[in-house]
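In what follows, a structure is listed as structure tokens, so that the remarks can point back to it.
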Amino acid sequence: MVIAIGFEGSANKLGIGIIKDGVVLSNPRRTYITPPGQGFLPRDTAKHHQDCVLEVLKEALDTAKIDTNDIDIVCYTKGPGMGAPLVSVAVVARTVAQLWKKPLLGVNHCIAHIEMGRLITGAQNPTVLYVSGGNTQVISYSQRRYRIFGETIDIAVGNCLDRFARVLKLSNNPSPGYNIEQMAKRGKKFLELPYVVKGMDVSFSGLLSFIEERANQVLESGEFTPEDLCFSLQETIFAMLIEITERAMAHCGSQEVLIVGGVGCNKRLQEMMGIMADERGAKLFATDERFCIDNGAMIAQAGSEMFRSGQTMAWEDTFCTQRYRTDEVEVTWRD
Amino acid sequence: MAAEGAAERDQMVLLKQGAEAKIYSGTFMGRPAIIKERFSKAYRHPDLDKSLTVQRTKAEVRSIMRCRMIGICTPAVYFVDMERHRIYMEHVAASITVREYIADLERSCSANHVSALRPLAEKIGATVGLMHSHNVIHGDLTTSNMLLSRLPKDGPDAGGDTLDGYRLVLIDFGLGYKEGLAEDKGVDLYVLERAFLSTHPNTEALFSVILEHYKLGYGKGAADVINKLEEIRMRGRKRTMVG
């Protein structure tokens, strides 16, 4: 039996979760929300996390109803992510690990998303599309690594959506992507946007510049509505993502596909992926916002797997790093 | 027309369904042919779907023609049916993909498969270099999109520019286009590097052989592309920053 507590704070979400043998006991979360038209900056985000981390920790422990003595392992996000928010949360994990005299494990954020997705959906060996504000990767497991088959060669898909939301001055509550999704449902007219797929990689920066430049002009002329633009943007960038995922599935001969990451809770993306999977006779696995969006339980889950396979981390290795690729981690818990 | 279409379909045998096209074997004017048919993707917006299908069918034929003109082996194009988004092309005889070839070698002589693969890596590098020196970008360089076709022994093409009795044939130019910029060539190489290393783990040494021979095949100007590749690799790492 393994009970793990996980601390996550690599971007604008602060989450602490407790997992006991794959069962989520608690998973509270707070999101730092900025005014419309603005993104979140590292310093302010770190301040947010510092202000509410103890309250969230208390909530996680109270909801889980466990004694801290029963915890086997303390896990935190080692990277990748924004430096200041990462460190703000890691320092709390390091402190409680010493207070409770428990071992500490630093977890790769991307791996945590994948492991949580596998736990919740029961997917065995899926091709993974990991889409969030900072990451866009198509991943498949082979020979003890999660290997990246395709990824963005510039900005992440969530970043592209967030920045377009700023152009339209959409609310960041609960998230810019959610508001784009709601507007897109009412869009009808399709504006053709640059579609950039390079092998199994995608690029969004040209598309973003294009739509940022044209948006005001086509809105003022009344040719397109903001809803049409949200619709066109979603249709185009999601089609790119589905295409590279399908290429990777064809390349690896995979019959399962799993979507993880914050953008992964978009229903239209899930619907498109479902159609693609159906056509290939493959199975789609997706989770909802509780587990798609950054949370503490996923860090605890990946940490439990590492712990069960016998991994330990020396105290001096429990630092944070902004750059930490998915394929750098040796996956000791899978065959 | 309907009867004719049905008769033709009878002769077409589905070989493989890729991500965006179905590959059939059949005949064209009595010759054995491969028919590549791009099909509509239900998940895509119809406007986007139509535009991509037409764009890629055209791009594929154009890039194949350009490659043939500069002496790179590609299947010969017999006929293009824009109505049905079909390309009829030469059936490359006795071929396997480079991916299968590497996997076979890994199985049969796992100890020194890297050195056994050196001639293949040299050939891949030289071919891609030659292609780029003529400003043709493939757009999807993976080991599944390269075929090794066994040459007839004592045939006219035997010896010389061959690889242990095989010739290297590039296929699947759907994402291909013409561009002189080092940036596009660099990205093309980056795509190859990523596909190569993710599909065939622990073959980093082979990719450096590919690059060495890329320079030789390309000639003047290769250094600019290699520098760009370094730059793109750095960019590639950057995206892991925020999660």
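Cβ coordinates come from backbone N, Cα and C, glycine included.
Substrate binding, as stated in TrEMBL, involves A:Tyr130, A:Val131, A:Ser132, A:Gly133, A:Gly134, A:Gly177, A:Glu181, A:Asn266; the candidate among A:Asp162, A:Asp278 given for that site is A:Asp162. In sequence order, the binding-site residues from A:Tyr130, A:Gly177, A:Asn266, A:Asp294 that place a Cβ under 8 angstroms from a chain B Cβ are A:Asp294. Across the structure, A:Asn266 (substrate binding site) and A:Tyr130 (divalent metal cation binding site) are spaced 13 Å apart at their Cα atoms. When other Cβ atoms within 10 Å of the Cβ of A:Ser132 (substrate binding site) are tallied across all protein chains shown, the result is 27. When the Cα positions of A:Tyr130, A:Val131, A:Ser132, A:Gly133, A:Gly134, A:Asp162, A:Gly177, A:Glu181, A:Asn266 are compared pair by pair, the longest gap among these substrate-binding residues is 18 Å.
According to DSSP, A:Gly177 (substrate binding site) is assigned to a helical segment. Cα to Cα, A:Gly177 (substrate binding site) and A:His109 (divalent metal cation binding site) are separated by 20 Å.
For the pair formed by A:Asp294 (divalent metal cation binding site) and A:Ser132 (substrate binding site), distance between Cα atoms is given as 9 Å, rounded to the nearest Å.
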